[in-house]
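Worksheet for the structure shown next.
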Amino acid sequence: MLQVVLGAPQRLLKEGRQSRKLVLVVVFVALLLDNMLLTVVVPIVPTFLYATEFKDSNSSLHRGPSVSSQQALTSPAFSTIFSFFDNTTTTVEEHVPFRVTWTNGTIPPPVTEASSVPKNNCLQGIEFLEEENVRIGILFASKALMQLLVNPFVGPLTNRIGYHIPMFVGFMIMFLSTLMFAFSGTYALLFVARTLQGIGSSFSSVAGLGMLASVYTDNYERGRAMGIALGGLALGLLVGAPFGSVMYEFVGKSSPFLILAFLALLDGALQLCILWPSKVSPESAMGTSLLTLLKDPYILVAAGSICLANMGVAILEPTLPIWMMQTMCSPEWQLGLAFLPASVAYLIGTNLFGVLANKMGRWLCSLVGMVAVGISLLCVPLAHNIFGLIGPNAGLGFAIGMVDSSLMPIMGYLVDLRHTSVYGSVYAIADVAFCVGFAIGPSTGGVIVQVIGFPWLMVIIGTINIIYAPLCCFLQNPPAKEEKRAILSQECPTETQMYTFQKPTKAFPLGENSDDPSSGE
């Protein structure tokens with residue numbers, strides 16, 4: 001009896017390692033934490049840099065004149081005047097010292113300034129905010145740029161050693177990055193933390209999606225699993241920005257990152273129990289080379305759609321909060337909540353079209369999604385307050401959910417159809433496409449905003465998405481591997497023979513046969 005009780009945890013652990021659902025849970029949690037960390041900094045960084053750099057650099061300018069002006073403001077005659085014009089004394093005294101540096105300190109100027117306090121307060125430091133578009137854009141893009149550089153190495157690495165070790169390496173790097181964000185007080189340290197996040201994200205995303213494609217070999221089941229996993233991504237986007245803005249304003253800068261670090265530890269413990277990351281499990285079949293996959297026009301079309309659709313929200317991350325600070329006088333907590341409709345809609349879109357896209361046609365869902373992305377972006381500059389952003393942002397999130405949940409399974413399907421069924425490299429390409437969008441978007445968006453303004457930036461990226469959308473028609477009926485000779489004449493003979501020869505010998509548990517996972521991890 002005692003032996004049975006003591007052996008129960010080991011038996012449950014063994015069953016867990018054979019469960020496809022628990023593998024899906026591990027990938028879901030990894031994507032959730034990655035994208036929470038991705039978006040939690042969106043409302044924090046602009047206001048944090050504004051508070052630490054702009055206000056500190058201008059404190060000496062305001063400190064001297066404010067002494068003499070404060071003496072004038074505390075006179076009984078002055079307070080009586082402001083009471084006469086229906087302005088509270090407290091509100092006026094907060095803002096007037098900063099304006100007295102440009103006035104004579106007499107009684108009439110405060111009357112004019114009292115009526116324009118909201119406008120002046122909103123536009124204070126406008127030059128600094130415009131310059132911050134570029135710096136913050138580069139900071140946000142650094143994660144995607146590093147991920148872009150690392151992905152080509154992670155894909156082939158997973159083919160050699162399996163998915164488990166890269167997943168755990170990604171967790172450790174993400175944990176270190178989260179701690180750095182919590183205790184970084186300068187732009188340089190934030191940049192290093194963001195770069196580290198890109199490395200960890202590359203390992204987690206490529207290994208996680210490749211693992212799901214290997215476990216769920218049926219096209220319908222794979223689409224559903226990808227939709228659930230992308231739901232973790234969506235939930236991270238959903239929670240990240242509002243969570244970061246609220247915690248930053250009411251608790252402090254470090255608090256959201258410390259909570260994420262604790263959740264990352266739980267994810268690491270889950271990976272240790274389920275994935276057995278000390279075991280090297282290479283693919284028995286040699287995967288198609290990364291260069292060959294990059295020459296496949298159908299994979300390129302799908303990757304381009306992923307890139308451009310996600311570039312829309314990537315451009316909004318650094319530019320929308322600053323635009324709101326300039327035009328809407330938005331407080332800190334609103335900067336994160338502005339992304340809430342997009343995140344909720346993305347969560348709905350990925351889960352809904354993870355199932356529906358297989359029935360409607362994934363190519364059609366991706367086409368409609370890209371058109372909807374373009375239209376939503378065109379509507380963003382029309383908003384005059386945070387409520388006006390609800391519709392465009394919700395449409396944007398839902399449309400990107402359609403695109404991602406449709407095209408991620410297509411990437412695995414194209415490899416099954418036209419190449420060897422080893423998925424590390426193709427999902428490295430998918431992740432590269434995602435990263436290109438998040439690298440080019442923020443880095444160029446800030447520069448474009450400085451030159452032509454935020455509204456025209458939205459027009460440009462929205463129009464590009466609409467123009468690209470018809471290319472998704474080519475994904476309707478891609479030719480199978482037997483037809484590769486007509487598409488890729490140089491690669492066809494070698495790859496077709498390799499696929500035909502290797503398929504019967506494939507023995508990796510997380511591989512092509514749907515019943516194999518029960519004998520694996």
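Each residue, glycine too, has its Cβ placed from N, Cα and C.
The topological domain 'Cytoplasmic' annotation in Swiss-Prot covers 1-21 (among others).
Taken from Swiss-Prot, the feature transmembrane segment applies to 22-42 (among others), supported by sequence analysis. Distant neighbours of the transmembrane segment (22-42): 16, 140, 143, 167, 170-171, 174, 177-178, 181, 190, 194, 197, 200-201, 204-205, 208-209, 211-212, 215, 225, 228-237, 239-241, 243-244, 256-257, 260, 263-264, 266-267, 270-271, 274-275, 317-318, 321, 335-336, 339, 343, 510, 517, 521; these residues of the same chain sit at least 6 beyond its ends, with a Cβ under 8 Å from one of its Cβ atoms.
The topological domain 'Lumenal, vesicle' annotation in Swiss-Prot covers 43-135 (among others).
Residues annotated as N-linked glycosylation site in Swiss-Prot: Asn58 (among others).
What Swiss-Prot records for Asn87 (among others) is N-linked glycosylation site, and it gives sequence analysis as the kind of evidence.
Annotated N-linked glycosylation site per Swiss-Prot: Asn104 (among others), in sequence order.
Per Swiss-Prot, the feature transmembrane segment maps to 136-155 (among others).
If you look up Swiss-Prot, you'll see 156-164 (among others) marked as topological domain 'Cytoplasmic'.
The annotation transmembrane segment is assigned in Swiss-Prot to 165-185 (among others) on the grounds of sequence analysis. Listed as Cβ neighbours of the transmembrane segment (165-185) (distance under 8 Å, sequence separation of 6 or more from its ends, same chain) are residues 26, 30, 33-34, 37, 41, 52, 154, 157-158, 192-194, 196-197, 199-208, 211, 253-254, 257-258, 260-261, 264-265, 267-268, 271-272, 275, 277-278, 280.
With helix defined as DSSP H, G or I and strand as E or B, the topological domain 'Lumenal, vesicle' (186-194) counts 8 helix, 0 strand, 1 coil. The feature topological domain 'Lumenal, vesicle' is assigned by Swiss-Prot to 186-194 (among others), with sequence analysis given as support.
Summarising the annotation, Swiss-Prot assigns transmembrane segment to 195-215 (among others) and lists sequence analysis as the type of evidence. For the transmembrane segment (195-215), same-chain residues at least 6 beyond its ends with a Cβ under 8 Å from one of its own Cβ atoms are 20, 23-24, 26-27, 30-31, 34, 37-38, 142-148, 150-151, 154-155, 158, 163-164, 166-167, 169-174, 176-178, 180, 222, 225-226, 229, 408, 412, 415, 423-424, 427-428, 430-431, 434-435, 508, 510-512, 517.
Residues or ranges marked as topological domain 'Cytoplasmic' by Swiss-Prot on the basis of sequence analysis: 216-224 (among others).
As annotated by Swiss-Prot, transmembrane segment applies to 225-247 (among others). Within the same chain, residues 24, 27-44, 208-209, 212-213, 215-216, 255-256, 259, 332-340, 342-344, 346-347, 349-351, 353-355, 397, 401, 404-405, 408-409, 412 sit at least 6 positions outside the transmembrane segment (225-247) and bring their C-beta atoms closer than 8 Å to a C-beta of that stretch.
According to Swiss-Prot, the topological domain 'Lumenal, vesicle' annotation covers 248-253 (among others). Same-chain residues lying 6+ beyond the ends of the topological domain 'Lumenal, vesicle' (248-253) with a Cβ under 8 Å from its Cβ atoms: 43-44, 47-48, 182, 331-333.
Residues or ranges marked as transmembrane segment by Swiss-Prot on the basis of sequence analysis: 254-276 (among others).
Annotation source Swiss-Prot lists topological domain 'Cytoplasmic' at 277-296 (among others).
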Range from 136-155, 254-276, 297-316, 363-383, 446-467 with the greatest count of C-beta pairs under 8 A to the transmembrane segment (420-440):
136-155
Report the mean pLDDT of the predicted model across the topological domain 'Cytoplasmic' (1-21), rounded to a whole number.
60
